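Beneath this line is the structure, given in structure tokens, with notes to follow.
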Amino acid sequence: MGRKPCCSKEGLNRGAWTAMEDDILVSYIAKHGEGKWGALPKRAGLKRCGKSCRLRWLNYLRPGIKRGNISGDEEELILRLHTLLGNRWSLIAGRLPGRTDNEIKNYWNSTLSKRGFLISPWRGGGHDDGNAAAGAVPNLPMPIGYELGGAGGGGEAGAVDLEALLGQLEAEEDDDGDHHHHHHQQQQQEEEVPSSLGDEDDDYLELAPWLL
DNA sequence: AAGTATCCCAACCGCGAGAGC
DNA sequence: GGCTCTCGCGGTTGGGATACT
């Protein structure tokens, strides 16, 4: 895959966004819609790379964004979903109306991880090296006996079918809103954060019963 | 009151996947 | 079928704000 030229281009602004840049971006998207991030900066007259514009929009400017004050319910949900999904912040964010993956990631790294909730062993550490804390998982709320079926050759009875679980989640993402998860959160934005996982979520909780 | 340490959040970077040519 | 480009994700960093000494 061709390495993308990216933002390190001469003459582009970097660092914090100004109010004027925000205005330009918001009004451009209001007029033309999201997408075409690569072409957006030039068309909108912004001296930013497309990636930077996208990030600013998704994490800050998009309507419906909630900022700060993560409630106890939300925190609990984050913990459960992280146990289930590992560091799949975008999926977790998809379950938290108005929250962004970046915010959840920050919240996790700055708050929860300090309380001893480290990275889940399976997807945790992401790809490759899986350096970060792949080993130590002191407070993982998964009881012994719920071993991961895959890889190591554990499997056996009682093992969670993680792949099925993930497939299910991802399928939901798809039909929830033909676009990606960020979009459906506005309509299901009846304000309230689910105090626990909603009905549809029970499906995958069946596959991860220790969360109940 | 001043200096230093720590925390938190916005933004950047690098990579992989998928779409289009 | 292979190559290039765009998009999206997760990890990391920088800097401002706040707390502590």
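Using the three backbone atoms N, Cα and C, a Cβ is placed for every residue, glycine included.
TrEMBL does not curate its annotations; it predicts them automatically.
So that you can see what the record holds, here are the features copied from TrEMBL:
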type     : residues  : note
DOMAIN   : A:9-65    : domain 'HTH myb-type'
DOMAIN   : A:9-61    : domain 'Myb-like'
DOMAIN   : A:62-112  : domain 'Myb-like'
DOMAIN   : A:66-116  : domain 'HTH myb-type'
REGION   : A:170-204 : region 'Disordered'
COMPBIAS : A:189-204 : compositional bias 'Acidic residues'
DSSP helix/strand/coil residue counts for the domain 'Myb-like' (A:62-112): 32 helix, 0 strand, 19 coil
Composition by DSSP (helix, strand, coil) of residues within the domain 'Myb-like' (A:9-61): 31 helix, 0 strand, 22 coil
Segment confidence, the domain 'Myb-like' (A:9-61), expressed as mean pLDDT: 85
